[in-house]
Amino acid sequence: MTEPLQWARYHWQRLTRGTNRTDNERPYNYFSLLACGCRSAQTPRLAGKHRVVVPHLRPLKDEYEKFSGTYVNNRIRTTKYTLLNFVPRNLFEQFHRVANLYFLFLVVLNWVPLVEAFQKEITMLPLVVVLTIIAIKDGLEDYRKYKIDKQINNLITKVYSRREKKYVDRCWKDVTVGDFIRLSCNEIIPADMVLLFSTDPDGICHIETSGLDGESNLKQRQVVRGFAEQDSEVDPEKFSSKIECESPNNDLNRFRGFLEHSNKERVGLSKENLLLRGCTIRNTEAVVGIVVYAGHETKAMLNNSGPRYKRSKLERRANTDVLWCVLLLVIMCFTGALGHGIWLSKYEDVPFFNIPEPDGHVISPGLAGFHMFWTMIILLQVLIPISLYVSIEIVKLGQIYFIQSDMDFYNEKLDSTVQCRALNIAEDLGQIQFLFSDKTGTLTENKMVFRRCSVAGFDYCHEENAKRLESYQEVVSEDEDPADAPSGSLSNVAKLKASNCRTVHNGPLGSKSSNYLAGSCFALGSGEGASGVPHSRQAAFSSPIETDVVPDTRLLHKFSQITPQLFNSSDETLPNPPLETLYIFDFFIALAICNTVVVSAPNQPRQKVGLSSLSGMPMKSLEEIKNLFQRLSVRRSPSLASGKEPSSGVPNPFVSRLSLFSRMKLTSPVEEEASQSSESPQDSSHPDCPSETEKQICEAGLTNGQVESLPGQPLPSNLCYEAESPDEAALVYAARAYQCTLQSRSPEQVMVDFAALGPLTFQLLHILPFDSVRKRMSVVVRHPLSNQIVVYTKGADSVIMELLSTANPDGASLEKQQMIIREKTQKHLDDYAKRGLRTLCIAKKVMSDTEYEEWLRDHFLAETSIDNREELLLESAMRLENKLTLLGATGIEDRLQEGVPESIEALHRAGIKIWMLTGDKQETAVNIAYACKLLEPDDKLFILNTQSKDACEVLMGTILKELQKNPAEQASSSKDARLPPGPQDSGPRAGLIITGKTLEFALQESLQRRFLELTACCQAVVCCRATPLQKSEVVKLIRNHLRVMTLAIGDGANDVSMIQVADIGIGISGQEGMQAVMASDFAVSQFKHLGKLLLVHGHWCYTRLSNMILYFFYKNVAYVNLLFWYQFFCGFSGTSMTDYWVLIFFNLLFTSAPPVIYGVLEKDVSAETLMQLPELYKSGQKSEAYLPLTFWITLLDAFYQSLVCFFVPYYTYQGSDIDIFTFGNPLNTAALFIILLHLVIESKSLTWIHMLVIVGSILCYFFFALVFGAMCVTCNPPSNPYWIMQNHMLDPMFYLVCILTTCVALLPRFIYRVLQGSLFPSPSERRPLCDSSGVFAVMSTTSCAVEQGNLSVPKTALDLDYSETNASGTAGPSKD
C-alpha cells in the first residue's frame, strides 16, 4: 500500500501548493448546509486560516507558543454580566426598548423648569421601578448561570504535565489546546480532542452523546490510523506530530483535518477520530487524546444558543397600538397647548392669569402654549403604558409555567414533558393556520418493525410475524381502558408486557455516571442534564416488538439449504449452488454487516476477534467433524478466517463458484412462481405467499411463534445492539431471526455467526456512511470464503435502482435474470409502499484488488483534504457505488403513534391546514396520510408528478379548473358549526400529492402564485421525496406570501431548517436525538400532545394576553382622560386634581396586579370543551379577540367611562367650596372601582385568587390614602392631601358618588355583555347546547384502513407520471 500513499501524497502536495484561494473565498455548497441543519445563519464558521495544533511539550515550546498558545483556554462563561459591568450593560440593553427611552425623555423633560409638571423625583419613580424589576430578574438569571459555570470549570480531569512527566489532576478551566488528556470509563470529555489511544484492543472508544444531542445509544470512535497498532499507551514525550484542521465551527457531524508526522507523512482525520466535549466515555477502560478545540471554540459551545427569542404577532400588534396611543397623546397635548394659548389670549389683560417674569417680561400666549405642550406630555404620560411590557413578561412566564406543569404532556416512558424554549411566543400557539409535519418519528413511532422482504425476485410476506404484531396490538388494547383507546389508529405497542415475548437482556453497559453534572457540562444549551436518565439504560430501538422477528417459513426453508457442503469445492459430485441460494446468503450478510451497529455482550469483556474456533460449531456426529476439517483444510485457512490475504497468488477455488455465474444452476423466478401459481393469489395487492401445504413441508417449523433452532449456533438473545437509527436495528434483528447473527464489530473486522456455516470474519476495509445526499451507505469487506473484495450497499430504492448494472435483454442468461429480478423487485417495492412500509434495496458489487487499489488512491486524497472535502468524498463514493447487483429489498413498518388520527382530525376541525413533508416514497406517504386521517376516504386526491416545468404548469392549471367546478371546498372552511362538519354538509375535500421533483418546479418564482392558488383549495397537502432544503422553502413560501401563522413539527436533524423558518417550531424528543428539540421553540414527546398544546393552551394564551393588553390600554386611557377633562376647568394650566404620588401609584401599584392575574389564570372556556369543540380555535386564527375595531371600541368605552367618572362628581360638588384634592379623591376612588369591576365583567372564570387580588388592591389603595393623608402635611405645597380620605369616609355623599359613578360608567358594558350572551352568543358561550357524546360519535364515524388495497378511495388522480409528451392533454380522473 506504500505506492498508493506516495501517489496520493504527491497529488496532495501539488493541490496545496497550487491553490492561492483564501479561506474567506471558500464557497459553501448544498451538502455542507445540509450537514449543519440548513441553517445559513449558523453555517460552520471558519476563520481566515486553518488551525494548527502543536503538542504542549518542552521540545516544541516555540512552535507551541506560535500556534496553540494563541487559542482560547477551556474556561467557559455563559453569563452576560460581571460585577463591574452589570449596571451599565443592563441599562444599555434596557434602553434599547423605545418605551424606556420615551420615559427617560419625560424624566429629563421634567427637569426643565419651564415645562416642569411634577416633582422631579416623582417623575423618575415609574421608570426606576420598571428598570429595577427587570435588572433584578436579569441579575438572578445571570447568577444562576455563573454558579453552574463555576461548577463546570472546576471539574477535575487528567492532564499530562511536561514538568512532572506524568498525568496530573487539573481543573477543566486550565486545559489548553495541545494538552494531552487521559480519561477513564464514565468520565466526561472536557474539550474536543483527537483520539490517540484506547485500551480497547481494536483501538475503539465508545461514547455516549446524550449530553450533546440526546441520543442514548453508544457510538464508536476510533484511534487515528497508525496509532491503533501500538501495544502501549502513547507517550506524549515522544509525540512529535502536529495536527492541521479546520477552524472552530458548530457542525457536530463534520471534522476535517490531517495529522502530519515529523517525516511529513500525513494521516487523514474525520469525525470518527474526534471526541466532543460533553460526551461520556463508555465501555472503555481508558483513552488518551490531544485537545484541538477548547472552551467556547468547542462544537458543543458553538451550538449553545440557549433559549430562543422571537416577537409574537400579538406583541407586534400591541406595538402598533402603542403608536396610536402616542398619536392620541400628541393630539391631547396639542389641544391643551392650544387651549392654554387661547385662555391666556382671552385674559391677556388680567394679571392674575398672565403673571410676568421676574425681569418684567411677559411671555406671549403662543410661547406659553408651546411650553404647555411639553408640560401636558409630562402630565399625561401614563397614557403610554410603561408597565405593560413588564406585565406582559410576567404573564408569559406564568403561562409557560402552567403549560409545563400540565400532567397531560408527561410521558412516563421517556420521563419527559413539554419544554418551552422560546419564552415570549406562547400566544402564537393560538393563531396557527398552517401546520407542516414530518412523517417518520413525528406521526409515526420511529419503531421500525421488519415486515416483509424480497430476495432474488421472490416476495416473502412473513405471515407469522404479522400475526405476532397483531397479538401485540391485542394485548395493548386489553391493558388500556376502553374509553382511552383511540379509534381508527394503530395502537401504541410500547406498553406490551415483557413476559409475553422474548427480550434482549441489558447488561451494565448503560450504567450512568453518578456525576450529576454529566449532562450539563457541555454547554448548558438545553439546560437538561443526564441525571434525569435512569441508571439502568436500555439499548435504543430494542423493544420486543422490534427485536422478536418471526421468520417466514418459506424463506426459512430455503435458508436452511445453505450448508457447508454447498461451498465444498473438493467434492465434485455436489451440484453447483443455485443463484437464489447465493442471493439469500449475500442478502442476509448485507443485512448483518452493512450498518454501524455497536455490539456488546453483558458480563463479558470485549475481545478482539481471532480465528474461528471449533467450539463455535455444535457437532452431532463424527461425519460432521470430518466434513468440517475437510472444509477448513480446503477453504478456511487461518489467513482467510482472519480476513488477511493468502500468502500465495493462487486464487481460492471458491472464488470461481461465487463469481462465475455461467456455471451455476439458474432457477428463474418466473418459472418457480409459475409452478406455484395454483397456490398463490395473483392480485397485485396480495403478493405471493406460501400455502398451507407448503408451510407443512418446511423442515423448520414454528411452535407458538418461536423459531426452532436450526443446525448451527443457537440464537443468542443476550447480545446488546446499539444502533444509530431504528432502520439499522430492525434489519440486524431480522437477520438474527434467521440465525445470521452479528456477533462483534471492530474498525478492522466484523464477525457474523451464519447458521450452519459458523462464525465468518469479514475484514472491514471501508465504510461509506449514510447521508441525505447519497441516500445510501456501503461497506467494503474482504469476503472470508471467496477472499474477494465485496461492496454491500443498502439505500433508497429510487437511488439503488439507478446504480444497478445495465442489463441487455438480448445478453447472457445472467443478464436476463437480473432484468427479471429487477422488474419483480420493483413490483414488490411498489406494493410495500402502498401498504405504508418503508422500503430499502440491498445490492452488492465484487471488485478486484486492482480496482480497489485504484479507488483507494483517489479516496485517500479526498480523506486528507480540508477544502472541498465533501465534494471529493461524494465523487469518490460515486465511483465505488455503481454497476451494482440487486439482491433484494426490505419492507419495514413504522407504526403510527398513539392518538395521531384523532389529533389530526381535531386540528382539521380547528381550521388548520396540514401539510406532510416527507422524504419517503409517494405510495408510502399517501398510505400513512390515509391511516392518520390527514386524507379521508371521500377526499378528491390530485397527484402532481411531472418531469418538466412546463408540464407542471399545465397540470396545475388543469387541477385548478377541476377544483373550481366544486366551490364547496373553498366554502367549507368558513362554515361555523358546533359539531364537526360531515360529508353531507361540507362536500368532498381536496387533497394534493406532490413529489420532490415537481416541488422543485413549483417553488420557482414563475409558478409560485399558481402553486399557492392550488394549495389554497386543498385541505391537506402531502409532499413526497422532499429534501430538507425543500421543506424549509415550502414553509417560507407559505408564510411570506400568504401572511399566515405557520407551525413546523419534526423530530430529526433533517427537520431543523423547517422548524427554524416557521413562526413556531416544535421538536419531538423521540428516537432520533435532540437536534430538532434544540432548534425548536417548544418540544413535546408525542404528536398527540400537539392537540392540547394548540387547542387548549394556545387558545388560552392568546385570549388571555389579548384581553389583558386591551385592558391595559383601557385603564390607562380612562384614568388619563380624568386629568384631560380637568384641564378644561383650570385654564389648561397642566394642574392635576390628584396628588402626584397617588397619580403615579394608581397605575404602578393599585391596578397592576389584577390584570396580571387575569392574564395568567383566565379561562374563557374549559379545557374539556376546547378539546371537544376544536372549532373554537378559529377565533384565534381570525384574531377576533384583538382586532383593530376591538381596540378602538375599547378606547371609546374608556372615553365614555372617564366622562362619567369626571362629570358625576363634578356636578355633585358644583358650587361647593371643596378644595382641589377633595374633588379629586372621589374621582380616584370611583375610577379604581370602575377599572377593577370592569375586569370582573370581562372575566369568564373568577377564582379566589382573582377576588383576593382585587380586594387586596382596593384595601391597598385605601390604606395608602389613609396613611398618606395622615402623615403628608407638607408633601406638595401649597396643596396637600392631609386628612382628606378620613373626612370623605365619614361623608355619606362620598359613598353615594362612588356607587352612582361606578354603576353609570359600567352599565353600558354590562348590558352589552348580557345581551351578547343571551341574544348573540359566541360559539364558546353556546357550548352547553352541545352533547359531548355526540361529538365523540361523529369523531369516530369514519375510520381508515391501513392497507390501501382494502380501501376504496375516490380519487381524481391526474396521471402519476405526467410527462412532457402528454402535458398538453386534458387530465381526467383515473383510479389506482
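Cβ coordinates are placed from backbone N, Cα and C, and glycine is handled just like the others.
Taken verbatim from TrEMBL:
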ACT_SITE  D438  active site, 4-aspartylphosphate intermediate
BINDING   D438, K439, T440, E728, F770, K794, R838, T918, G919, D920, R1025, K1031, N1054, D1055  ATP binding site
COMPBIAS  675-684  compositional bias 'Low complexity'
DOMAIN    66-123  domain 'P-type ATPase N-terminal'
DOMAIN    1077-1322  domain 'P-type ATPase C-terminal'
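Taking the features listed in TrEMBL, we show where each one sits on the structure.
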residue	record	Cβ contacts under 8 Å, 6 or more apart
D438	active site, 4-aspartylphosphate intermediate	M916, L917, T918, K1031, I1049, G1050, D1051, G1052, N1054, D1055, M1058
T440	ATP binding site	N446, R838, D894, T918, D920, D1051, G1052
F770	ATP binding site	S725, R776, M777, G795
R1025	ATP binding site	S798, G919, D920, K921, Q922, T995, G996, K997
In DSSP terms, the domain 'P-type ATPase N-terminal' (66-123) comprises 33 helix, 0 strand, 25 coil
How many other Cβ atoms sit within 10 Å of the Cβ of G919 (ATP binding site)?
-> 21
Predicted model, mean pLDDT over the domain 'P-type ATPase C-terminal' (1077-1322) = 89
Number of other Cβ atoms within 10 Å of the Cβ of N1054 (ATP binding site) across all protein chains | 24
If you measure every Cα to Cα pair among D438, K439, T440, E728, F770, K794, R838, T918, G919, D920, R1025, K1031, N1054, D1055, the residues listed for ATP, what is the largest value in Å?
-> 25
Cβ density check for R838 (ATP binding site), other Cβ within 10 Å (all protein chains) comes to 24
